[in-house]
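Novice: My questions will all concern the structure given below.
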Amino acid sequence: MKKSNNFYGYSLILAFFMLFLAARSQLITDFYNKSCPNLLTIVRTQVQNAIKVETRMAASLLRLHFHDCFVNGCDGSILLDGSDGEKFALPNLNSVRGFEVVDNIKSSVESACPGVVSCADLLAIAARDSVLLSGGPTWKVLLGRRDALVANQSGANTSLPSPFDNLGNITLKFANVGLNVTDVVSLSGGHTIGQARCAVFSNRLYNFSGPGIPDNTLDTNMLSDLQNLCPVNGDGNKTTFLDRNSTDLFDNHYFQNLLNQKGLLGSDQILFSSDEAKTTTQSLVQSYSTNPSRFFADFLNSMIKMGNISPLTGSNGEIRKNCRVVNS
């Protein structure tokens, strides 16, 4: 059956319209240039102040963005209060932090540009600034995200990579959000700053592969130090640095530690020492350990990719006035 010219004309118009919508929904670096021209300066000042008070906060803000993006995309849902929120999911409970700093950032931005900038975008900018102010690379943050109306606690419980996961599970969780093996290794390098609780690595210290047998991929001197810090039945909330001997500087030392069996988390050390790593992640760990420029380049590319996971744009979601609650 022959179709009319009108049909083809309509199809062409529809195609252009769909392309226009797609283009409109893409994140862009200058999204707030006119509506909130001082945004980046305001955020940078607040992040700088927070890191001066507590150096560890840089890692905490970076982690907030990571844990936000892996659950329903980068939509600020991790910031929502409530017992059914993502804050109270097992991977986040007594773990994610920095919410008061985000409150301060939001308050300063609202004073300058009320009702304009999303909490999701503030997390993305704060993560970039935290890396830069810790000595790491910088990048232009894509902006234009909107905030979720609901949190997803069950999604946080199942979607977030765990320090107890094997490499296959970690790789799968990254793949589920569109990230690849390079992203696994480069983003794990974010552990060059920050701390971890005994609760997430003490399984390696005592009965790892049998009664009284610790993880044999853990350096013996480091094992002894960690056993003193985290005795059996001790306080699981005690912390130590993720990157031994280079605690607060964003550099490639984390990967050098992995080569020397000094990765703190099991999910760190398996990137180099597991059987699966030999054909997947080990070569990248070796490369990053000697080539900080390659690590920085891959890390910033992976951060941009991660920041682009399923953002709410256009008329989806909202611009929260208070990052902890949806607008009334």
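Backbone N, Cα and C atoms are what each Cβ position is placed from, and that goes for glycine too.
Annotations for this protein, taken from TrEMBL, read as follows:
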DISULFID  C36-C113  disulfide bond
ACT_SITE  H67  active site, proton acceptor
DISULFID  C69-C74  disulfide bond
DISULFID  C119-C323  disulfide bond
BINDING   P161  substrate binding site
BINDING   T192, D243, D251  Ca(2+) 2 binding site
DISULFID  C198-C230  disulfide bond
Novice: Enumerate the residues of the same chain, T192, D243, D251 excluded, that satisfy the criterion Cβ within 8 A of the mean position of the Cβ atoms of the recorded Ca(2+) 2 site; list them in sequence order.
Specialist: G189, H191, I193, S246, L249, F250, N252, H253, Y254
Novice: Nearest to D251 (Ca(2+) 2 binding site) by Cα, among C36, H67, C74, C113, C230 (recorded positions)?
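Specialist: It is H67, whose Cα lies nearest.
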Novice: Which one is it: of the binding-site residues D243, D251, which Cβ has the fewest other Cβ atoms within 10 Å in this structure?
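Specialist: Looking at the binding-site residues D243, D251, the Cβ with the fewest others within 10 Å is that of D251.
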Novice: Just name the most isolated of the disulfide-bonded residues C113, C119, going by other Cβ atoms within 10 Å of its Cβ.
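Specialist: Result for the disulfide-bonded residues C113, C119: minimum number of other Cβ atoms within 10 Å at C113.
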Novice: Looking at the recorded positions listed here (C36, C198, C230, D243), whose Cα lies nearest to that of C119 (disulfide bond)?
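Specialist: Closest candidate to C119 (disulfide bond), judged by Cα separation, is C36.
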Novice: C69, C74, C323: which of these disulfide-bonded residues has the sparsest Cβ neighbourhood within 10 Å?
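Specialist: C323, out of the disulfide-bonded residues C69, C74, C323, has the fewest neighbouring Cβ atoms within 10 Å.
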Novice: List nothing but the one residue from T192, C230 whose Cβ has the fewest other Cβ atoms within 10 Å; the candidates are the recorded positions.
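Specialist: Comparing Cβ neighbour counts within 10 Å for the recorded positions T192, C230 gives C230.
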Novice: List only the single closest residue to the residue listed as 'active site, proton acceptor', chosen from the recorded positions C113, T192, D243 by CA-CA distance.
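Specialist: Comparing Cα positions, the candidate nearest the residue listed as 'active site, proton acceptor' turns out to be T192.
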Novice: Compare the C-alpha of D243 (Ca(2+) 2 binding site) with the C-alpha of each of the disulfide-bonded residues C69, C74, C113, C198, C230, and give the closest one.
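Specialist: Checking each of C69, C74, C113, C198, C230 against D243 (Ca(2+) 2 binding site), the shortest Cα distance is to C198.
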Novice: Using a 10 Å cut-off, grab the number of neighbouring Cβ atoms around the Cβ of C198 (disulfide bond), all chains included.
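Specialist: A 10 Å sphere around the Cβ of C198 (disulfide bond) contains 19 other Cβ atoms.
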Novice: Should any of the disulfide-bonded residues C36, C198, C230 have a Cα within 10 Å of the Cα of C69 (disulfide bond), which are they?
Specialist: none
Novice: Specify the nearest of the disulfide-bonded residues C36, C74, C113 to C230 (disulfide bond), where nearness means the distance between Cα atoms.
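Specialist: Nearest in space to C230 (disulfide bond), counting only the disulfide-bonded residues, is C74.
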Novice: Sort out the sequence-distant neighbours of P161 (substrate binding site) for me: same chain, 6+ apart, CB within less than 8 Å of its CB, listed by position.
Specialist: F70, N169, I170, K173, F174, S267
Novice: Within its own chain, what residues at least 6 apart in sequence put their Cβ under 8 Å from the Cβ of C36 (disulfide bond), listed in sequence order?
Specialist: V109, A112, C113, V116, V117
